[in-house]
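Structure first, commentary second.
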Amino acid sequence: MDDYTREMMDLKTLVTRTLEKKGVLAKIRAELRASVFEAIEEEDRVIENNEGLPPALLGSCNDRARQLHASPSGRLLSALICEYLDWAQLNHTLKVYQPECNSAKDSWKSEIRDFSINNGYELNRNEDSRPLLLDVLEGFLKFENMTQVMGGSSRRESETESSLSLDTRNPPRRSSASDSLPHQRRSVSASQASGAATSGYRKDESNWRYDTEDMPEEVMRASTALENLQLDRKTRNLTSSWRNVKDGTSEEEEGKD
């Protein structure tokens, strides 16, 4: 390879990189692709009109996409995409997209006009205009966020109400009657009743009276009744013991006589 050929190769590489970096080659490729599609589309129309055969290029997407594009939602979807391509001035891409979607040229404009009138969107185009697809997407996202926020707040309110209702139905119990009552001896013999049980009872009684400040009224009544019952039993035990002692003394005096 001589010097001239080497210099031309370097120049070609430099020009190609520069055009690629500035997007000129991408635009040329898109324009060439669009021109090829337009030529094939015109040929398809001639074949379809003259021979009634299905076109070779129109509707080249899959079956699911064709069914979607035939529905009202699919037509609106294609129209929003075409409106965005037109807004971004991707004209060559738009020329390729429409034939592949089996949609007529500029048919998306009527769809966009009807959608804008029904939903209150403005179609005035200026430097600060935004694509309609972006407005629809942002509106959907705002609605989803509002739904989640409202759902979360309502869920928290329902949980709060349920917890309050549970607290109302089941109030906290400070203590039960069995826990609040003083620890008394279950069985007391007659001999023990007159002895050490008296001091123990007084100690339990003082402890019980100290704890009655925090007792409910019903527990206090039950405790008072139990206290009276125990006092009555102790009185009867002491009385019987005193009578036994007195009877024994009388018998001894009679024996002496």
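Any Cβ shown, glycine's included, is placed from N, Cα and C.
Note on the domain 'LisH' (73-105): DSSP counts are 25 helix, 0 strand, 8 coil. Swiss-Prot lists 73-105 with the feature domain 'LisH', giving sequence analysis as the kind of evidence.
According to Swiss-Prot, the feature region 'Disordered' maps to 148-216 (among others).
According to Swiss-Prot, the feature compositional bias 'Low complexity' maps to 187-199.
If you look up Swiss-Prot, you'll see 201-212 (among others) marked as compositional bias 'Basic and acidic residues'.
Annotation source Swiss-Prot lists region 'Disordered' at 231-257 (among others).
Positions annotated as compositional bias 'Basic and acidic residues' by Swiss-Prot: 244-257 (among others).
Per-residue confidence over the domain 'LisH' (73-105) averages out at a pLDDT of 86.
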